[in-house]
Amino acid sequence: MVTRLRLVSRSSRYATVKFTDSVSACSCRRLFSASTDPEPESQPEQAPPTNPVTGDEKLRNLRVLLQQNRIETARGVLSSLLRSDSTPFASPKELFSAFSLSSPSLKHDFSYLLLSVLLNESKMISEAADLFFALRNEGIYPSSDSLTLLLDHLVKTKQFRVTINVFLNILESDFRPSKFMYGKAIQAAVKLSDVGKGLELFNRMKHDRIYPSVFIYNVLIDGLCKGKRMNDAEQLFDEMLARRLLPSLITYNTLIDGYCKAGNPEKSFKVRERMKADHIEPSLITFNTLLKGLFKAGMVEDAENVLKEMKDLGFVPDAFTFSILFDGYSSNEKAEAALGVYETAVDSGVKMNAYTCSILLNALCKEGKIEKAEEILGREMAKGLVPNEVIYNTMIDGYCRKGDLVGARMKIEAMEKQGMKPDHLAYNCLIRRFCELGEMENAEKEVNKMKLKGVSPSVETYNILIGGYGRKYEFDKCFDILKEMEDNGTMPNVVSYGTLINCLCKGSKLLEAQIVKRDMEDRGVSPKVRIYNMLIDGCCSKGKIEDAFRFSKEMLKKGIELNLVTYNTLIDGLSMTGKLSEAEDLLLEISRKGLKPDVFTYNSLISGYGFAGNVQRCIALYEEMKRSGIKPTLKTYHLLISLCTKEGIELTERLFGEMSLKPDLLVYNGVLHCYAVHGDMEKAFNLQKQMIEKSIGLDKTTYNSLILGQLKVGKLCEVRSLIDEMNAREMEPEADTYNIIVKGHCEVKDYMSAYVWYREMQEKGFLLDVCIGNELVSGLKEEWRSKEAEIVISEMNGRMLGDVTVDEDLSATEKL
């Protein structure tokens, strides 16, 4: 029969100990109530000598104290023994074993006392767990309070694996764990990211009719939210309500955070509304979580509404709130708004810490506002802020982004003057910028500088260099860097190989890219989906669709799921090669895999069908996009408007009117070209006027369309004024413009005017299109302008553009 004993009393700070030696029940009761029944001596009891010579003497002293029922003295001696550096026992477990051998009749009493001291006075939690397992092997079982305390301390000291093992050991006995014990075990499982184990224990406790607490539900909901299992988290929330448990503020905050991180801020709002209905007052954490999620989703206006509600309810933003606002406005490219928040914080007397300040500085640096960043940093330093490495690195990166490498170096010097040693992150900013500029020699000089300063290049440093040389297609240097990394003991990672593979694919070196992939696999670095996507994209861009699908099959064979980027790349490759039926099959497969097509998916299909001349299918795909809630991009409208020109003005105008985006030059030119092709020059010139009013810069394509339209409606004399306007805008006409003009005159059979324009074109060194040249020569000969025709033929042949063919009848006439 397992011995059980209450070790830690709820009403006393002392352990309750059951003695098996000849100690009276009266004495025991006195000992267990030491706080209310003091020992009879008026003077504090003196412990035996504290420096016995041997371990045996220490054990004998403890045995005597226990036999004399002097529990508190024994506790003090035991606590000192455990803390002593000169203790003869390697561990508490060894101490227990030694005591058990010397005093077997007291081993139960001693075990309880030892466990109590380990948990309470000494806080030796790992040793307490080891002792627990040793006691179990001896058939000794601690009390419920002892186990509760042990599990609680194990969780607090983050010994989650041990917590689970102790609890499973408890389950294996005939001991009935308490609700608190289950809670600690479930908490440990969730902390280990093993929500499955937590749910298993959760179901076990319900089976044993131990009803979970709000704490346990909160722990599991938190674990499910962190794993983005929001449906399961919702089910647990509903179960709480069904059991008439009132969700706490923590419950609601956890769900709000989960939905935000899962990219579903709309659901977060619903949880917030549920809080209001249940009269649960929000906390600052509630609002901070909502703000972070909304900014992440790009819902800036909604975030600002939440901020207003927060202030209306009397909440004062803290440093973390300001960090969220700075980061949120930054990620949504609203640095000016971030500056406004900063001024509000200053006016409110909020003191910026280094973390919050670094986020604001990063926002400004990303948008190239390095001068403003310096101004704010100066203001904060005047208030006592001491810049740390993060702030300096942020500023160095800001200078590098703007191309001010002198300013970046000055910041490095400022770091050194402040006693900080710039690390690889600081130097990487400079190295990256030189690589972006293609100045690899300067990049290498920076690497040498950091080495001289005692800073070893990091994997990221080498990866930056690989990318720099790769973009210049200097692949031999890339391989040299890989070798240098290995020689220095810096193992290339997935990014190292991925950077090189990507550059090789962009440089049409597909064979070499595959060799690098095999090399990384041989070195134990497994390619991820991103690397496979690079290879697939490289194959598709070269029209090697079969090779692309070979890689996709290899992915599946290795258990790597195809993601949306993979499918989009394959669909784009199929669409470019006219294999539209196969592309549509992949579109269906995307949905079957639980993925959602995006705008890139549809743009590829629209482009493919457009190239095939199937405008109706393009429009159908566009309508399907809208029904699915996918917002078209400017590229979508570029494709559709250029394709719909032949379909007429009405369809083009409908597409133009449906745009929720600000039209760019390509869109305006597409619509204007449609008007010109269909001869509606009034609308064409009105649109040109609108472009000028909206500061949309006109280009040669704009004027080419206007010239084409004027020629279409027979206003040949107006063409010269458009050419003059182009010249006034320093937009000198080139070959394409002159070809349009010559062809336009030929189409209305004004061949001599066409010839005049040809002469101007020729004098400026531009070449006439061969087909247009044939048309011009034929027309000139029809009008008996053989001399001009011969000049055109001679000049075009002289330009090595091939012979200009004319009808045999015209040739015969020429001979006459």
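Using N, Cα and C of the backbone, Cβ positions are placed for all residues, glycine too.
Annotated in Swiss-Prot:
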| type | residues | note |
| --- | --- | --- |
| TRANSIT | 1-39 | transit peptide |
| REGION | 34-57 | region 'Disordered' |
| REPEAT | 108-142 | repeat 'PPR 1' |
| REPEAT | 178-212 | repeat 'PPR 3' |
| REPEAT | 213-247 | repeat 'PPR 4' |
| REPEAT | 318-352 | repeat 'PPR 7' |
| REPEAT | 353-387 | repeat 'PPR 8' |
| REPEAT | 493-527 | repeat 'PPR 12' |
| REPEAT | 598-632 | repeat 'PPR 15' |
| REPEAT | 633-662 | repeat 'PPR 16' |
| REPEAT | 664-698 | repeat 'PPR 17' |
| REPEAT | 699-733 | repeat 'PPR 18' |
| REPEAT | 734-768 | repeat 'PPR 19' |
| REPEAT | 769-803 | repeat 'PPR 20' |
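DSSP states for the repeat 'PPR 17' (664-698), grouped as helix (H, G, I), strand (E, B) and coil, give 26 helix, 0 strand, 9 coil. Long-range Cβ contacts of the repeat 'PPR 7' (318-352) within its own chain (Cβ-Cβ under 8 Å, at least 6 residues beyond either end) map to 284, 287-288, 291-292, 294-296, 298, 300, 303, 307, 359-360, 362-364, 366-367, 369, 372, 376, 379-380, 383, 385. Counting only same-chain residues 6+ beyond the ends of the repeat 'PPR 19' (734-768), those with a CB under 8 A from a CB of the stretch are 700, 703-704, 707-708, 711-712, 714, 716, 719, 723, 726, 775-776, 779-780, 782-783, 785, 788, 792, 795-796, 799, 801. Each residue in the repeat 'PPR 20' (769-803) gets a DSSP state, and the totals come to 26 helix, 0 strand, 9 coil. Under 8 Å from some Cβ of the repeat 'PPR 16' (633-662) lie the Cβ atoms of residues 599, 602-603, 606-607, 610, 615, 618-619, 622, 625, 670-671, 673-675, 677-678, 680, 683, all in the same chain and six or more residues away from its ends.
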